[in-house]
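Read the structure below first, then the notes.
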Amino acid sequence: MASPPHHSTMNNKTWTQTILLSFQIVGVVYGQLSTAPLYVFSTMRSEDLDSQEVVYELFSFIFWTLTTISFIKYALIVLKADDNQEGGTFALYSLLCRNAKVGLLPCDRTANQVMLLEDTTTPPSKINFDSRARRAIEKHKFCHYLILFLALFGSCMTIGAAVLTPALSVLSASYGVERSLSELSHLFTSSQHTRNSVSNALQKYVPVPAACVILIGLFVLQPCGTRKIGFMFAPIIAVWLFFVGVVGVYNIIRWDVEILYKISPLYLIKFMRNLDVSRWRLLGSAILCAAGSEAMFAGLGHFSKKSIKITFICLIYPLLVICYAGQAAFISKNLKTDNFNHLSQSVPSHSKHLFIVVSLLSSAVGSQATITACFSIINQCLALNCFPRVKVVHTSKTIHGQVYIPDVNWLLMIFSLTVTIGFRDMVKIGNATSLAIVSGMLVTTSLMSLVIALYWEKNLLISACFLLCFGVVEVAYLSACMLQFHRGAWYLVVLLIVSMTVMLSWHYGTVKKYEFDLQNKVSTEWLIDVSPGLGISRVAGIGFIYTDIVTGIPAFFSHFITNLPAFHQVLIMVSFKSMAVPHVPESERDTNDFEEKIIRAIGEFISIEHVTDIESMVSPDERMIIVGNSSDGNALVPLMNESSKQVSTINEAQVSPIAMDDNDHTLSASSSKSCKKRKKVRFMLPPASSVPKMDESVKKELLELIDARESGSAYFLGQSHLVVRGGSNYLKIFLIMVYRFFEKNGREPPVALKIPHAALVEVGMMCTI
């Protein structure tokens, strides 16, 4: 069979490609960071900004937050911890699952090595490394649940940010439009009463409706894909960045040149020395300056690490520092002015209307980073069975991380509109957004410290230092955000409960169903030994049995034959594994000849059986991999065990389940794709001239295989239904109810979408847990 498409290798991008990606990144990844100046100071209560010293101290906090969290933590450290070019909390969890036994879902590593074509050059030290910390974490089940909870919690915070950030950024710009229109209306009337009436009407009817229209437009554009959105949005964010950078320089020169000296850590000490509740509460808004840092990591699958890092260091970071410095300089000298803490007030009057237009456009696209990150996170959750089945659309043929999820997109739009219409208040939405951002950062810090110790294999002291250095800062910000819990932050808890319930219930149901299959599977020997005693009949033809387990006979098929004692002459167990590639070339697809290739592989196995010591090629867990090449008809039969690192390349239809014919021979076959349309291909034995010494027993078996093929094929698909055992607790009952709801109303299993309905046999089975 032909070799599969290789994963996109981001590290080999040319400088031209890197620059091109860097341009797209500005509009996709850094939109949130770039538009944060719209709401960092404006979400602070103006009465709390009562002196120049407070403004200087807050500017120092903003500078060091950008430097320590966005620059050092994410750009320099966390971006290195990618999982096959994917980022986010679930990427960290996936690394831990593969390199430390902390995953709760049983996993067959040999199958994963074949399907995912893992790097065969991994040094033995990476595999055999053991430590006291690793043993302790692997031993205690509580640690496994805790790590999973952290990963799910962090994912929920990313989803929460994807709901809240669009509402916050768009609403902040809409209020700027309302203030600009109010100022224009004052030019046409001198009556104070009329001015007040117009201002009240504009405040009531402009910000929220305008924000809703922009939000709908933003989510409607998502099906275009990351690449097109990047090219559309990048010029807007680039213009915005240079505009606020120029305004920042203007404000620094005009109002306070010495503001740049206020980045001194001494101002942090002054702030802490004079700490009270009102000052501590201001930090909840200050952390918004780092909004988008987590999205920088979570959206890693859409771009390369090099392009993300170069863009941040050379463009985003310096311009944002200048912008915040200029805004702080303006605020420090205009504390008595109305709305002095809004960015629009610091813009020169002759450029104010231009600012309104640019800010409105940039705020609309600025939240793209969190939406993109949300798609990436949910795509990773799907791979680890932590989210109900939804349609995932790959929008790029070369970068497998660029995805769009329609169902999630529309749900995000609905929730964002609900937040905008329900709160109608930037401060409340900002409080909830701050809590989501800092909570996600804290989860990343916790998981990253484990990655440093268990995956990077660094000293535990280094891991502890990372956790303490960044964890202490983020816990401080978290405590400041909790002071605003009653003023909007509670909504994040509602989003958390909803999303966490969905994820936990799906993962719990999937684990229980998989455990049931593992506990109730039977060996091929059972089928061979028991079938004569049960009076089971053999039916001419081939039976394809689709199963999630890689070895053994699935429970639903043993349930089937005990109730209907008959099965086909040849049985092939087919297990499906997803491959992390967005597109398969037409020449490498098995849409028409999937069945043909499996039959040919079985024939190759039979033909070499008489010249090869089959018993010596059976691994301890009875796994055998057949890898064939359809172009020349020659098959390779390597033994795939835990110590073997040589993996042959195969097509997207990969051979690795269990097949059995009349003579009780076993082999394996698994596929990552079934066929959409099958063409009937007939087989015959090769001419005697090409195979002059074919053994008679081999010829007989091949003829039996041909006859079975001619008799037709059937496809068996198990439909397991979870049933809660009587006397179970209410939590278990609730989780299974939610799981069954999404299983019934969600997307069909991918295998079911490809099987011909005329030949499909669905076997229902109740799984009591």
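Even glycines carry a Cβ here, placed using N, Cα and C.
As written in TrEMBL, here are the features:
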- 20-41: transmembrane segment (TRANSMEM)
- 22-528: domain 'K+ potassium transporter integral membrane' (DOMAIN)
- 61-79: transmembrane segment (TRANSMEM)
- 142-164: transmembrane segment (TRANSMEM)
- 205-221: transmembrane segment (TRANSMEM)
- 233-253: transmembrane segment (TRANSMEM)
- 282-304: transmembrane segment (TRANSMEM)
- 310-332: transmembrane segment (TRANSMEM)
- 353-378: transmembrane segment (TRANSMEM)
- 435-455: transmembrane segment (TRANSMEM)
- 461-483: transmembrane segment (TRANSMEM)
- 490-509: transmembrane segment (TRANSMEM)
- 546-769: domain 'K+ potassium transporter C-terminal' (DOMAIN)
*asked:* Is the transmembrane segment (435-455) in contact with the transmembrane segment (233-253), using at least 3 Cβ pairs under 8 Å (sequence separation of 6 or more) as the test?
replied: no
_Chain residues outside the transmembrane segment (282-304) and at least six past its termini with a C-beta under 8 angstroms from it_ = 10-11, 13, 18, 21, 24-25, 28-34, 36-37, 39-41, 43-44, 48-49, 54, 58, 61-62, 65-66, 69-70, 73-75, 78-79, 82, 85-89, 91, 157-158, 161, 165, 226, 312, 320, 324, 369-370, 372-374, 376-377, 379, 399-403, 430-431, 433-435, 437-438, 440-441, 444, 476-477, 480-481, 483-484
*Between the stretches 61-79, 353-378, 435-455, 461-483, which one has more Cβ pairs under 8 Å with the transmembrane segment (310-332) than any other?*
61-79
*asked:* At a Cβ cut-off of 8 Å, and with pairs 6 or more apart in sequence only, do we get at least 3 pairs between the transmembrane segment (435-455) and the transmembrane segment (61-79), yes or no?
replied: yes
*Compare 61-79, 142-164, 205-221, 490-509 by their Cβ pairs under 8 Å to the transmembrane segment (461-483) and return the stretch that comes out on top.*
61-79
*Quick one: do the transmembrane segment (353-378) and the transmembrane segment (61-79) reach 3+ CB pairs under 8 Å, ignoring pairs fewer than 6 apart in sequence?*
no
_Can you tell me which parts of the same chain pack against the transmembrane segment (61-79), counting only residues 6+ beyond its ends and a CB-CB cutoff under 8 A?_
33, 40, 87, 263, 265, 268, 271, 283, 286-287, 289-290, 292-294, 296-297, 300, 305, 308-309, 312-313, 317, 320-321, 324-325, 328, 441, 444-445, 448, 466, 470, 473-474, 477
_Predicted model, mean pLDDT over the domain 'K+ potassium transporter C-terminal' (546-769)_ = 65
